[in-house]
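Student: This is the structure I want to talk about, given as structure tokens.
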């Protein structure tokens, strides 16, 4: 038999009852194209092939690819299976309706966000994770496990814990307990720049028990936001002056017959250029935004998605950006 590489997360799901339960919870349709990551020897793959139009199985280990091919060879399932060999994190995802996988646990976080930022939208993902990772995905504000992973995932998707899976259901058994989670992307997604959002959340959750006032006093944070603020002001003024010129040209031509009002003076009268004062301090501006939005003494551990949306809007409206 094959010697499984547990360091690469090779723990084959061997219990047919668990395999059947996962397939049932995925609510597969005859017309579905399914993405599977880490098919192993194909216990889950074969069950899905019996129910769907096609399974695209992504496997990094050529030995397991051979095992999977042997398993379906000469059967009516062979032409419904497409195998992609390589690292899923370095591969463009194909089109698929749903993703069902017993994931190698070390790629859990990057794979979840690769999935959630993938377009076009898929219907849902049914994924096996390490138990603690799964509980972090579904954790709510105030929970001990609530973290950046929780809020970022829940911003982009509905997440449900479906079932616990004990370590003895795998061969070889992992050192940790597992859980199956359902992830359903929000479609349409929230109208938020995810890089901006993640930049804010990253700062807040570095020390999630600190007040935001304290979290934003880090010199590295202040330097980053000062840099971004100056770039934003520079771009805003450059873009404004180009746009304003063309927008106001007709206005000046038709409504400003007096030669005393030039196009340039009209432009600066309506849209005054904002210069950064020499004594400008980003730290003061940051603390003002935190106080004005009411989040100065709040802690990330107890803030929900709406809180962070309001805070991000407060910063952005003052020209402070996180990406």
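Every residue number used here counts from 1 along the chain in the order it is shown.
Even glycines carry a Cβ here, placed using N, Cα and C.
Sharing the record's features from TrEMBL:
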- 11, 13, 38, 59, 87, 102: S-adenosyl-L-methionine binding site (BINDING)
- 18-187: domain 'Ribosomal RNA adenine methylase transferase N-terminal' (DOMAIN)
Student: Using a Cβ cut-off under 8 Å and a sequence separation of 6 or more, which residues in the same chain sit near residue 87 (S-adenosyl-L-methionine binding site)?
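Tutor: In sequence order, 60 meet the Cβ cut-off.
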Student: Check each residue in the chain of residue 102 (S-adenosyl-L-methionine binding site) that is at least six apart in sequence and keep those whose C-beta is under 8 Å from its C-beta; list them in sequence order.
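Tutor: In sequence order, the residues whose Cβ lies under 8 Å from that of residue 102 (S-adenosyl-L-methionine binding site) (at least 6 apart) are 11, 12, 13, 38, 40, 44, 128.
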Student: Return the count of C-beta atoms lying within 10 angstroms of the C-beta of residue 11 (S-adenosyl-L-methionine binding site), excluding that atom itself.
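Tutor: The answer is 24.
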Student: Where's the emptiest Cβ shell within 10 Å among the binding-site residues 13, 38, 59?
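Tutor: If we count Cβ atoms within 10 Å for the binding-site residues 13, 38, 59, the smallest count is at 13.
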Student: Average the pLDDT scores across the domain 'Ribosomal RNA adenine methylase transferase N-terminal' (18-187) and report the rounded value.
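Tutor: So the average pLDDT across the domain 'Ribosomal RNA adenine methylase transferase N-terminal' (18-187) works out to 97.
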